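Below: the structure, in structure tokens.
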Amino acid sequence: MVARVGLLLRALQLLLWGHLDAQPAERGGQELRKEAEAFLEKYGYLNEQVPKAPTSTRFSDAIRAFQWVSQLPVSGVLDRATLRQMTRPRCGVTDTNSYAAWAERISDLFARHRTKMRRKKRFAKQGNKWYKQHLSYRLVNWPEHLPEPAVRGAVRAAFQLWSNVSALEFWEAPATGPADIRLTFFQGDHNDGLGNAFDGPGGALAHAFLPRRGEAHFDQDERWSLSRRRGRNLFVVLAHEIGHTLGLTHSPAPRALMAPYYKRLGRDALLSWDDVLAVQSLYGKPLGGSVAVQLPGKLFTDFETWDSYSPQGRRPETQGPKYCHSSFDAITVDRQQQLYIFKGSHFWEVAADGNVSEPRPLQERWVGLPPNIEAAAVSLNDGDFYFFKGGRCWRFRGPKPVWGLPQLCRAGGLPRHPDAALFFPPLRRLILFKGARYYVLARGGLQVEPYYPRSLQDWGGIPEEVSGALPRPDGSIIFFRDDRYWRLDQAKLQATTSGRWATELPWMGCWHANSGSALF
């Protein structure tokens with residue numbers, strides 16, 4: 001089942017390139033239909049009792065139901081928009097227990113009568129709820145590239161979203177002993193049944209079980225993030241799956257946190273009115289008549305800045321710079337081979353021998369530069385610093401801006417929100433990377449050279465969505481993503497080695513200089 005659903009991604013490429021019409025052609029259409037059937041069976045739109053070759057009517061009805069849930073035009077036809085929706089990242093929990101109740105509830109909302117009674121029926125009729133209001137939880141493991149304190153902060157905040165609007169209270173259980181709810185990261189098949197096997201990046205991000213099993217599982221292969229800038233936002237997915245462990249099913253409201261499909265972290269409240277009604281229907285309003293508190297999403301944009309954790313028995317100076325324990329926003333190197341590593345509103349300078357400065361505010365060196373920059377590079381032609389964020393660019397010569405105001409990069413064809421920037425010595429040009437493409441800039445300006453962008457496949461073995469790139473004195477190019485690096489042979493444009501930069505690259509400043517051993 002997982003492999004068949006995964007083929008939808010490859011089928012979509014054909015569809016978007018125009019090899020398939022709105023209703024798939026006979027040859028491609030039969031294969032697409034089989035993959036769509038597998039998807040619809042997995043998520044409960046085709047009943048298990050239905051024969052493996054459903055009739056056209058049953059298949060069309062299932063497509064209609066899926067289109068309605070997905071806020072698509074309801075046609076019953078496997079068209080481009082429907083197939084594209086099937087490939088979007090989502091929760092792995094089936095929609096089976098939600099569809100009929102959704103239709104009933106929407107009808108009630110339009111009729112505007114008996115609404116409260118109907119809603120309560122929707123959430124309580126399954127009997128899947130906890131019969132106590134104080135619940136314990138445990139974080140069993142977490143992604144290696146994310147700092148443990150930040151992940152624990154995200155978990156705590158995700159539970160607090162639900163306790164703020166209900167009578168529930170949560171506390172973290174000790175490392176030993178029982179816990180009502182357990183949060184665990186797995187890869188692939190993890191003995192939950194073949195239908196629940198994780199499928200790598202994309203597809204099903206996580207799944208959970210209704211009470212009172214108390215389990216939520218997350219795909220270890222996803223590129224999890226605790227910020228709004230890159231990767232899948234772990235906080236949003238945590239909050240969604242915790243909703244399932246409390247007894248909530250998927251919601252049809254497009255703005256609901258409990259909608260089946262992954263939503264990005266916005267600046268507004270994460271819980272919709274539908275989410276709040278759902279949890280209150282099961283557990284009641286906050287105790288003592290207190291008002292339900294809704295926190296805006298902008299408070300949860302970067303959990304690593306919440307980190308006040310300091311392990312006992314370790315001196316602060318031996319813990320290494322903060323970026324060593326997580327990731328960074330951007331990185332570059334100047335003509336003296338001094339590294340500049342950027343994270344949030346601060347930066348570090350790392351000498352060639354690996355000695356690291358204290359973190360310094362960006363505004364102390366580059367006045368007017370905003371926090372959380374997305375890409376940085378130093379031109380080895382003139383030593384100027386280039387910074388990129390969103391659709392804007394900055395150029396500094398020393399501490400002084402070359403341009404009075406930041407420039408709009410899009411005017412020259414540059415991408416918005418670039419992943420990384422690099423001064424490439426053989427071309428003596430700046431290069432920007434975004435997703436699966438790269439852009440070569442004209443010398444001394446912000447114009448993209450003709451015939452660009454090109455595919456990242458030109459850089460053999462380098463992954464998409466890198467977070468930084470820089471040239472090394474030995475002629476190699478180092479690319480970074482999360483906690484890993486790739487070393488590229490400049491002459492062959494081929495990756496030769498890879499590993500973990502914090503423990504394997506001493507010049508990154510994460511090496512304990514006195515002991516000569518890794519910090520971790």
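Yeah, the Cβs are placed from backbone N, Cα and C, and that goes for glycine too.
Quick look at what Swiss-Prot lists:
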type: ACT_SITE; residues: E241; note: active site
type: BINDING; residues: C91, H240, H244, H250; note: Zn(2+) binding site
type: DISULFID; residues: C324-C510; note: disulfide bond
type: CARBOHYD; residues: N164; note: N-linked glycosylation site
type: CARBOHYD; residues: N355; note: N-linked glycosylation site
type: REPEAT; residues: 325-369; note: repeat 'Hemopexin 1'
type: REPEAT; residues: 370-409; note: repeat 'Hemopexin 2'
type: REPEAT; residues: 415-463; note: repeat 'Hemopexin 3'
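Residues C91, H240, H244, H250 make up the record's Zn(2+) site, and a Cβ search at 8 Å around their centroid adds V93, H207, A208, E241, G243, L248, T249, M258, P260 from the same chain.
The Cα of C91 (Zn(2+) binding site) lies closest to that of E241, out of the recorded positions N164, E241, C324, N355, C510. In the three-state DSSP classification, H244 (Zn(2+) binding site) falls within a helix. Between the alpha carbons (Cα) of N164 (N-linked glycosylation site) and H240 (Zn(2+) binding site) lies a span of roughly 15 Å. For the pair H250 (Zn(2+) binding site) and N355 (N-linked glycosylation site), the Cα-Cα distance reads 51 Å. In this structure, the C-alpha atom of N355 (N-linked glycosylation site) lies 42 angstrom from that of H240 (Zn(2+) binding site). For the repeat 'Hemopexin 1' (325-369), the DSSP-based tally of helix, strand and coil residues reads 5 helix, 17 strand, 23 coil. Counting other Cβ atoms within 10 Å of each Cβ, the lowest count among the binding-site residues H240, H244, H250 belongs to H244. There are 12 other Cβ atoms within 10 Å of the Cβ belonging to N355 (N-linked glycosylation site). In this structure, the CA atom of H240 (Zn(2+) binding site) is 29 Å away from the CA atom of C324 (disulfide bond). Assigned with DSSP, the residues of the repeat 'Hemopexin 3' (415-463) fall into helix, strand and coil as follows: 3 helix, 20 strand, 26 coil. The Cβ of C324 (disulfide bond) has 24 neighbouring Cβ atoms from other residues within 10 Å, across all protein chains displayed.
In this structure, C91 (Zn(2+) binding site) is part of a beta strand by DSSP. For the repeat 'Hemopexin 2' (370-409), the DSSP-based tally of helix, strand and coil residues reads 1 helix, 19 strand, 20 coil.
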